[in-house]
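A.B. asks: This is the structure I have questions about; it appears just below.
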Amino acid sequence: METAPKPGRGVPPKKDKLQAKSKKRRRYWEEETDPTTAGASPGPTPNKKRNRQFRPQRPKNACIPKKSRISKKPQLPKKPREWKNPDPQRSLSGAQDPFPGPAPIPVEVAQKFCRIDKSKKLPHSKPKTRSRLEVAEAEEEETSVKAARSELLLAEEPGFLEGEDGEDTAKIRQADIVEAVDIASAAKHFDLNLRQFGPYRLNYSRTGRHLAFGGRRGHVAALDWVTKRLMCEINVMEAVRDIRFLHSEALLAVAQNRWLHIYDNQGIELHCIRRCDRVTRLEFLPFHFLLATASETGFLTYLDVSVGKIVAALNARAGRLDVMTQNPYNAVIHLGHSNGTVSLWSPAMKEPLAKILCHRGGVRAVTVDSTGTYMATSGLDHQLKIFDLRGTFEPLSARTLPQGAGHLSFSQRGLLVVGMGDVVNIWAGQGKASPPSLEKPYLTHRLSGHVHGLQFCPFEDVLGVGHSGGITSMLVPGAAEPNFDGLESNPYRSRKQRQEWEVKALLEKVPAELICLDPRALAEVDIISLEQQKKERIERLGYDPEAKAPFQPKPKQKGRSSTANLVKRKRKVMDKEHRDKVRQSLQEQQQHKQEKAKPMGTWPSALDRFVH
């Protein structure tokens, strides 16, 4: 009977399954490596894997000599691996990129976003601290380059109004501007005829999308002024003195005749704060969640809207307070008084941070620009002045107006609007960081009633004016910042995005105690307080815990730690320290004599270089 032949006895082994699979094909951009197939037509490359073959098995008891671990050749130190530059990256077509790497950034553009002055050398500090500073500098440099590269995404540019052939722009009317702009911009100019409940105070939200206004006869309304969609409209049956949006357009603070009331965007009253009574002006600090109120009784009150508690109630001791504004740079409140002074307040201090004498008569209006550099004031002496707030508090320019200005406001780009009776004048400067020029007005507009409130709309070239006849929305080219930060103030955010932003803003809330004139001082070390704390600690403990410990010699063996030897080593160290102090004092005395011997006001001599 025939049996099936066993494998390995004259029967060829079966082909490996790996060979049966489809072989890898060469792409048209890959070069041929096999010289024998250079002239052949392109086809599948041969499989580089070797076929499995049967190898003879070793006997079990066979002795396999082990390799010696000691190498016969002398061992040389290994050279570091050299990374070869790869070939220039090619595209699928085989062409080389003529502009490899990222696009270069001009030094001037990157310097604009740089916040660290590299001209100053790093202080001599510990290596760990120095390495951290170097890492911070490297990260800041990378961030400035990224910001300069992303500046190309800011497609919008600020516009401006220019006259033809020396034409005075103050003579250009709003109707002419509406005819020249597109349909979307022309729709932003409108008039609300509300003579029945005027005069009106108004306020725009931080995103610039919503508008709230309140009339002296109790009319309160809020709307999306871009789409003209009304959010709420109520009559509180009481005089409304001021109105403000809180951190979002969902909450509204209204200063009524007696108390302060909080409403939501549907007109439902949420709170009635009776501790804030007879309020005349309102200001909201968005980064601190503080609502500042000025009252007829002369009190400046700070209300924390996140927890509903009054942080501070300060008595200004200047009578009725009806002129108030905030500095957006440092959140300091500016109050105008009837004696012609402007006082600067912080909730951390019971006394004003500074007092500025601005006018001979009472102050009627105060405003501060977005950079916190310039302050504009107007008084009963018909003077309009611009002050520098960078530590000098001196007037930069002044102008006498035909009638006193009752309302002032700065735009995001530094334009100054002045409301005088039923006339609105706008002055412009050279740019955002320069003060407005008071020589010639930029735009002029006459209203149907006396001005009662002014504010520029954020991120829109629009000026909202509340007067006795209603609300007027004016077009002011070049007034607003054209590009907005979508993570901070997004006019097109949804309800979910607004809720997430509120949570993040509450987590990043700045404490009220940190409000001061110079916010940069918070990053500096208070040396005076540090020394005072050190003295108090020494008095409390009876010794200085940070003082240098006396020298204690280490014990030695073989009888070298005798009492006489220890005293001798201690005395040697003490003598060395004493010699160093004497040498240092002699050098200081010599330098003092040289400075005293050199006559003052003489020209330097060429021989001075040899003086030591």
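Even glycines carry a Cβ here, placed using N, Cα and C.
Note that the structure is a prediction, hence the values are computed from the model and not measured.
Annotation source TrEMBL lists compositional bias 'Basic residues' at 47-58, 66-78, 121-130. Per TrEMBL, compositional bias 'Basic and acidic residues' is recorded for 574-583. What TrEMBL records for 441-519 is domain 'BING4 C-terminal'. Annotation source TrEMBL lists region 'Disordered' at 1-105, 118-139, 539-612. The repeat 'WD' feature in TrEMBL is assigned to 356-390.
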A.B. asks: Would you kindly list the residues that approach the compositional bias 'Basic and acidic residues' (574-583) from elsewhere in its chain, counting only those six or more residues past its ends and only Cβ-Cβ distances under 8 Å?
C.D. replies: 551
A.B. asks: Treating G and I as helix alongside H, and B as strand alongside E, what does DSSP give for the compositional bias 'Basic and acidic residues' (574-583) in helix, strand and coil?
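C.D. replies: Taking each residue of the compositional bias 'Basic and acidic residues' (574-583) in turn, the totals are 10 helix, 0 strand, 0 coil.
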A.B. asks: Using DSSP, break the domain 'BING4 C-terminal' (441-519) down into helix, strand and coil residues and give each count.
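C.D. replies: The breakdown for the domain 'BING4 C-terminal' (441-519) reads 17 helix, 22 strand, 40 coil.
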A.B. asks: For the repeat 'WD' (356-390), what is the mean per-residue pLDDT, to the nearest integer?
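C.D. replies: Taking every residue of the repeat 'WD' (356-390) together, the mean pLDDT is 94.
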